[in-house]
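Taken verbatim from Swiss-Prot:
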type	residues	note
BINDING	Thr28, Gly29, Ser30, Thr31, Asp83, Gly84, Ala85, Asp86, Lys97, Gly98, Leu99, Gly100, Lys124	substrate binding site
ACT_SITE	Glu106	active site, proton acceptor
Amino acid sequence: MDLDILKQTAARRAVELVEDGMVVGLGTGSTAAFAVSVLAERVRLGLRVVGIPTSERTARQAEAEGIVLGTLAEQSRVDLTIDGADEVALGELALIKGLGGALLREKIVAAASERLIIIVDATKLVEQLGSHGPLPVEVAPFGWQATARALERLGAEVNLRAQHGQAFLTDGGHYILDCRFGPIARPAELEAAIDRIPGVVESGLFVGMASAVIVADEGGIEVLTPSAAP
């Protein structure tokens, strides 16, 4: 089955959780974009929500599709955030996010949310994080080389993310270092070690944050929770 169809299926299930009057965090990335479109369909049918976008790209899409947007300064709580993930570890449902370049804002909104609902296709499920790709780490541009060397001392192969021949810039004006650690046995410990490095703004490790993961594959939909995941 086409991956886009799977993403749409997961997005529709997640958006079913949105109720009238909710403040909803809007994730970033190809899967989250489907959720924004599905939510916009419900808004056009009369659903009233306020969206909190996690990137300028998501804000543009949501505005174009007619979703009213707000900010964390205006809203004291976020009822539900719907977002994608690059990898989901079975069991505790720890996540790697940030290949779309919005990990800092995604983590801020997720942390402010009552519930974080992750939508993925089954290819994103792994036994251990780091099995498929790099861990993005957002860093200050000043002295990023020193930050990269500190990450290398933790065991990573580090590459500065580039776009159009220049360093990729996040919405906050930061760089992203893509760090290949290999399989990550203890993500919470690694997250803490990375966060202690001067120059690190945020890592793409989301540990203990997902309320549920909605997984779509050719057999249908499965909803994983940290307590019920295999």
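Just so it is clear, glycine is given a Cβ too, placed from its N, Cα and C backbone atoms.
The shown structure was predicted, so the numbers you read here are calculated from the model rather than taken from an experiment.
Least packed by the Cβ count within 10 Å, out of the binding-site residues Thr28, Ser30, is Ser30. Shown in sequence order, Gly27, Ala32 are the same-chain residues outside Thr28, Gly29, Ser30, Thr31, Asp83, Gly84, Ala85, Asp86, Lys97, Gly98, Leu99, Gly100, Lys124 whose Cβ sits within 8 Å of the Cβ centre of the substrate site. Annotated pair Ala85 (substrate binding site) and Glu106 (active site, proton acceptor), C-alpha to C-alpha distance, rounded: 11 Å.
Taking only the Cα positions, the spacing between Lys124 (substrate binding site) and Glu106 (active site, proton acceptor) is 18 angstrom.
If you measure from the Cα atom of Thr28 (substrate binding site) to that of the residue listed as 'active site, proton acceptor', you get 8 Å. In sequence order, Gly27, Thr28, Thr54, Ser55, Asp83, Lys97, Gly98 constitute the residues six or more apart from Glu106 (active site, proton acceptor) in its chain with CB-CB distances below 8 Å. A simple way to gauge crowding: the CB of Lys97 (substrate binding site) has 28 other CB atoms within 10 angstroms, across all the protein chains here. Counting other CB atoms no more than 10 Å from each candidate's CB, the binding-site residues Ala85, Leu99 peak at Ala85. According to its DSSP assignment, Asp83 (substrate binding site) is in a strand. Neighbour counts of Cβ atoms within 10 Å were taken for the binding-site residues Asp83, Lys124; the minimum is at Lys124.
Residues Thr28, Gly29, Ser30, Thr31, Asp83, Gly84, Ala85, Asp86, Lys97, Gly98, Leu99, Gly100, Lys124, recorded as contacting substrate, have a largest CA-CA distance of 16 Å.
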